[in-house]
Amino acid sequence: MSAILSADDLNDFISPGVACIKPVETLPAAKPSADNELEISFNTDAPLPSDLPPAQISLTDCLACSGCVTSAEAVLVSLQSHAEVLSQLDSAPGIRLHKSATGTGVSVEGLEQGGKIYVASVSPQSRASIAATFGVTEREAGYMIEHLLSGPKGIKNRAVYRNAFQWVVDTNITREACLVLGAEEVIASMNGTEETKKPILTSSCPGWVCYAEKTHPHVLPHLSRMKSPQALMGTLIKTTLSRKLGISPERIWHVAVMPCFDKKLEASREELTDAVWEGTGTRGVRDVDSVITSKELLMLADSRRIDFSKLPRTPLPSSSHIPFPDPTLNSFLFPSNRRSSSNGSRDAGSSGGNLHYALHYFASQHKGSSVQTIKGRNADVVDYTVVADNGDILLKAARYYGFRNIQNLVRRLKPARPSRMPGGKPIGSARRPNGKATGPDYTYVEVMACPGGCTNGGGQIKVDDPINTSRLEGDSKPGPQEQKMWLAQVDEAYFSGDDSTVCSSVDDRNDLVEGISPSYIKDTLSHWATTTGLDLERLVYTTYREVVSDVGKNAGDAERVIEIANKIGGGW
């Protein structure tokens with residue numbers, strides 16, 4: 001079923017109910033009474049039929065299922081939510097952290113009480129959504145979020161144990177690391193020293209990765225091995241705190257605020273747990289324990305009866321900040337004089353800028369070269385080339401946003417099916433010499449599931465949400481044009497983070513590319529690996545696997561379906 005959907009009925013959103021192959025549990029029907037097969041009663045005291053238990057699909061079912069193409073939002077909303085965050089905070093007294101006498105170290109209190117350390121990471125796209133909603137800059141939105149999660153007027157004010165998040169970090173920090181490592185991956189692939197097949201496809205979008213794993217396994221060797229900024233931040237937090245403070249990863253609870261519901265699915269991947277970086281091979285503790293969206297952040301405030309719009313738009317006092325236990329990583333995560341909150345240039349887009357940085361990183365290594373842009377068939381398809389000063393094309397790359405465009409890319413990368421006839425040509429080889437895929441000669445492709453990129457994620461605050469419609473005059477509902485204008489406002493808020501005149505602490509390095517120093521990033525990552533005693537590759541890279549579902553089927557049924565498909569030329 002999924003193959004039919006992906007080829008013919010693909011849309012930018014397919015709810016789980018359309019293609020889910022895990023059927024709702026069928027309970028045995030109640031046996032009719034032998035005495036009264038049919039009964040009509042007007043007696044109001046008659047017993048009501050017993051309530052059936054609600055049907056549920058667990059996250060495990062979702063991860064093991066190949067029925068859905070993408071967008072597991074409806075299933076995951078109930079599993080990772082603002083209610084779960086509050087439940088965790090109110091479950092036990094938290095571990096208390098205090099500054100040491102020197103002001104750079106950390107002392108721990110309350111280990112024996114069974115509590116946890118709470119850490120939050122916030123994406124720039126979520127800050128932009130909040131900023132557009134409340135008419136503030138992206139930077140001010142970040143301060144408001146920090147006050148909500150850590151400040152005295154935030155969620156701790158009405159909490160059972162007055163627990164709050166000890167650190168609120170910006171995922172732009174790990175985004176910069178991902179940009180540098182991603183660019184290095186591209187260059188390594190061109191030199192033949194990278195195991196990922198060309199073209200390398202970005203893998204920071206979980207909706208796209210989920211789709212590839214479940215319906216197009218032939219593209220998995222092309223996926224970038226880099227972790228996403230969310231995943232990399234989770235690994236950095238769990239490894240460093242567990243090593244430095246001498247506590248187990250399960251006592252560090254990390255929530256991420258993201259623009260996308262599919263990020264909940266990413267956080268649940270078995271490849272992103274402590275079992276991977278510890279190498280235990282057992283079922284591990286997640287690097288990111290929970291993900292809430294921009295919408296759910298406001299629900300978090302409402303649940304504590306906090307008026308988000310009245311939260312301070314200034315930073316928390318420096319005296320309230322607990323230093324991260326490692327001074328080098330503390331400077332990396334909380335830079336005092338670096339443009340860490342910059343979301344990149346407008347040309348980089350609002351999805352992190354992987355492609356933009358890789359192009360300029362490559363161009364910086366070829367003196368006199370320039371980056372040229374070629375617009376595609378729509379706004380979400382763009383081709384790029386790096387051209388030498390003599391006119392030679394050094395590198396080709398592209399941007400594909402939205403599943404309709406992604407489907408075209410995937411189709412071009414699909415290898416020809418071998419013919420079953422002796423001596424026959426591969427099926428579809430008329431335009432595929434030697435039966436090879438006719439994929440474009442791209443070196444790198446930035447792929448995102450959402451049209452318009454991450455600021456248009458499914459978890460963002462929309463123009464027709466009550467908090468926005470309450471401001472509109474009349475009863476008219478916002479239409480597509482209003483949604484387009486709203487997305488433009490969110491994008492504008494996203495790039496308002498660039499309005500910083502603070503100088504970079506790495507400006508004295510001579511290798512800056514788009515304001516980021518690759519040598520500084522590499523030195524910091526090397527320090528992280530040394531501090532934790534773990535191999536850097538195990539910390540920053542991940543893996544992918546084809547998802548073949550047995551959910552709702554027994555082995556005999558599956559074998560018969562495959563046999564029939566082979567007989568009729570299904571090519572499964």
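Using N, Cα and C of the backbone, Cβ positions are placed for all residues, glycine too.
Note that the coordinates shown come from a computational prediction; the quantities given were computed from them, not determined experimentally.
When C205, C210 are compared with the [4Fe-4S] cluster 2 site residues C260, C450, C454 in Swiss-Prot, the one appearing in that site is C205. It is 416-436, from the ranges 332-352, 416-436, 458-478, that Swiss-Prot records as region 'Disordered'. Taking Cβ-Cβ distances under 8 Å and a sequence gap of 6 or more within the same chain, the neighbours of C454 ([4Fe-4S] cluster 2 binding site) are S123, Q125, C205, P259, C260, S350, S351, G352, M448. When the neighbouring Cβ atoms lying within 10 Å are counted for each of the binding-site residues (C260, C450), the highest count belongs to C260.
Around C205 ([4Fe-4S] cluster 2 binding site), a 10 Å sphere centred on its CB holds 29 further CB atoms from the protein chains shown.
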